[in-house]
Amino acid sequence: MMRRCDLPARDLRLLDPLFVYPSTILGREKAIVVNLEQIRCIITADEVLLLNSLDSYVLHYVMELQRRLTTTGVGEVWQSDTSDMNRRRGSRSFENVFNNTSPDYLPFEFRALEVALEAACTFLDSQAAELEIEAYPLLDELTSKISTLNLERVRRLKSRLVALTRRVQKVRDEIEQLMDDDGDMAEMYLTEKKRRMELSFHAEQSLVGYRSVDGASISAPVSPVSSPPESRRLEKTLSISRSRHESMRSTESATESIEELEMLLEAYFVVIDSTLNKLTSLKEYIDDTEDFINIQLDNVRNQLIQFELLLTTATFVVAIFGVVAGVFGMNFEIPLFHVPNAFNWVLVITGVCGVFIFCAFVLFFKYRRLMPL
C-alpha cells in the first residue's frame, strides 16, 4: 500500500482503528489520506480504499459514494468482499473528463472527499442535535429543582459536550487550514497530476520514437541540400509557443481546480461552523445555568448565615438567665431571699431585659443591612 499510493508509514497509522487520532486531511503526491471521525480512507485519482467496517456511518458513506459515482456516470463501482480493503474504482477517460465545461463538475477525488466531509459533518451535527435535545430539558429541570441526581446528569452532559466540541473544533480547524493554504489544495488535485504524468509519458514516448526515426535517417544517404536556417528558427519558435501555451493552460486549470476545492471546503466549513455555534450556545446555556444555581446557593447560604446570626443572638440572651441564676446560686445570705415575690420579680425583669437586648441586636442588624428588611 505504501508503494502503491506513495505514502509514508506515519500516514497509514492514521487509518488504524485501534488508535484514536484527531481529524486529519493530508494531500500527498498520489493520494489523499482522510481521517474524519469514523471515515478513514485513502483517496486516489480513480479509487477509494477503506477498511472493512460494520459501523453504520461507514456503510452509509460507502453506499452514498457508490450512488453518486453511478448517478454521475464517473465510472464503474465495485466492492471486494474477500480483501481487507473495500475498493471503489472509477475507470474514466481523462480526455472526456477535462473537456467537460460544466462549472458543477468535480473530479473523482473531490467527489469522494465531499462524501467523506458530508458524512463527518452529518455525524457530528446529529450528535450535537441529540445533545441539545437531552440538555435543554435537563437544564430547565435543574433550575427548578436542584438535586444530586440532576447535578450528576449535568456533569456527565457537560463532559460529553466538551469532548464533542473538541472534535468539531478539530474538523473545523482542519478545513480552515486547507482553505488558507493554496499549495495544499493544489496538491490534492490528483486527477490533474495524473493527467500531466500521462501526457509527459506520451511525450517522452513520442520523443523516443522521433529519435529512433531520426537515427534511421542518419544511416541513409545525406541529401546535399540542407534545411534552411529560417525553417529551424520557425520550428523552434513554434515549439516555444506550444510549451508556453501548455504552461498557461495548466496554470489556469490549477487555479480553477483550487477554486472548485475551495468552494467545496467552504460549504462544509459553514456546516461544521454552524454545528460548533450550536455547541457553543449550549455551553453558554450551561454556564448561565451554573451561574443561576450558584446565585441560588449563595442566597441559601446567606439565609443560613442570617439564621445562624439570630440563633447566636438568642443564645446570648438565654445565657443572661444563666448568669442571673449563677449569681443567686452563690452560698451567701441576702435580704432578697426573705421577700415572698422576689423570685417572680427576678424572672420578669430578666426576661424583659433579654427581650430588649434581642430586639436591639435585630434592629442593629437591619440598620447595618445584615438582614433583609
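Numbers run from 1 along the shown chain.
Glycine residues also receive a Cβ, built from the backbone N, Cα and C atoms like all the rest.
TrEMBL assigns the feature coiled coil to one of the listed ranges (154-181, 182-209, 238-265), namely 154-181. Residues 346, 350, 353-355, 357-358, 361-362, 365, 370-371 of the same chain lie 6+ residues outside the transmembrane segment (309-330) yet bring a C-beta within less than 8 angstroms of a C-beta in it. In the predicted structure, the coiled coil (154-181) carries a mean pLDDT of 93.
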